[in-house]
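Now, the feature entries from Swiss-Prot:
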type	residues	note
BINDING	ASN30, VAL32, GLY57, GLU78, ASP108, ASN125	S-adenosyl-L-methionine binding site
Amino acid sequence: MNELRLLGPAEIRDLAELIGVAPTKRLGQNFVIDANTVRRIVRVAGVEAGEVVVEVGPGLGSLTLGLLEAGARVVAVEIDGRLAERLPLTVAQLAPEAAGRLTVVHSDALAVTELPERPGRLVANLPYNVSVPVLLHLLERVPSLRSGVVMVQAEVGQRIAAGPGSKVYGAPSVKAAWYGVWRTAGTVSRQIFWPVPNVDSILVGFERHATEPGDDELRKRTFALVDAAFQQRRKTLRQSLAPVYGDPAAAGAALEAAGVAPRRRGEQLTLADFVRLAAR
C-alpha cells in the first residue's frame, strides 16, 4: 500500500483546537503524536490489506490512518461525539482514497453488542481507565475477533499477560486467558503521547483460542470464582471462596472435589483449575 500522510504533533494539536477538544482524564484520552509508533503498532499487529479491523478510541485519527495505510477496513468505535464526527472528515482530507474503508460507530465500547462488519482483529490505543473492561467486553460480544494488539498502561498490560505464580497475576490475567493466549509485545515511550501521561505504556497481543473452555454459563461461574479468589489475595481459597459456597467448610469440600488444595491461594491457580472448580 502507498504511504499516507500520518498525523504529527502539530496536526494533532491543531485538530484538537479546531473542534474544541481538550484531552480529559475521565475518558482516558492521550493522543498518539508519533507516526513511527503508529506504523510499529500496525506492523506488530500483523494487519493485512482487505481485512476488517476494529479500533476502540480512535481519537483524532493517528492510528486509524496507519491502519488504513496498511489497507485494512476500519470500524472505529468512539465515545466522544466531536471526535466521532470529525474522524471521517480528517480521513477524507488526508487519505481520500481510503475514506470508503472507514466506518465510525459513535458509542461507548462497553455498550457495543454488535458491529457493522465482522472484524477479525482488534488494534487500539485503549483508554487507560477502562482498558481491561473494554477488552473483556469485546472478546465476549464480538466472537469474530481472532487476534489483536492493544496499547495499554504498562502495569495493566503486564497483569493481563501474567501467568500463575507471578506477583502481578490476578483476575484480569485469568479472565483474559479464557479467551486466548496473551503476550507483551514491547514498551512504548510516554513521550509519543499528547498530553504526556504519568505512566508508561506497553503493547499486548493476543491470539484467540480455537474453542473456549466452556459455554457462557460456565464462563460466568468461573469469573465469579476468580473475582472472589482475588478479592483478598492473601487469604487461602478455603477462606476467600467461603462467601460463594456459604462457609469455609463447604468451600474446602468443593476445592478438594475439584482436586485443588484448600490452603492454596488464587494466584497459584491456572484458568483450568478455576474452570474445573466452576464445572462441579
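We count from 1, first residue shown onward.
For all residues, glycine too, the Cβ spot is worked out from N, Cα and C.
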- Query: Counting other Cβ atoms within 10 Å of each Cβ, which of the binding-site residues ASN30, ASN125 scores lowest?
  - Reply: ASN30
- Item | Other CB atoms within 10 A, centred on ASP108 (S-adenosyl-L-methionine binding site) | 14
- Item | Largest inter-residue Cα distance among ASN30, VAL32, GLY57, GLU78, ASP108, ASN125 [record-listed S-adenosyl-L-methionine binders, Å] | 20
- ASN125 (S-adenosyl-L-methionine binding site) falls, by DSSP collapsed to helix, strand or coil, into strand
- Message: Going by DSSP, is VAL32 (S-adenosyl-L-methionine binding site) sitting in a helix, a strand, or coil?
- Response: strand
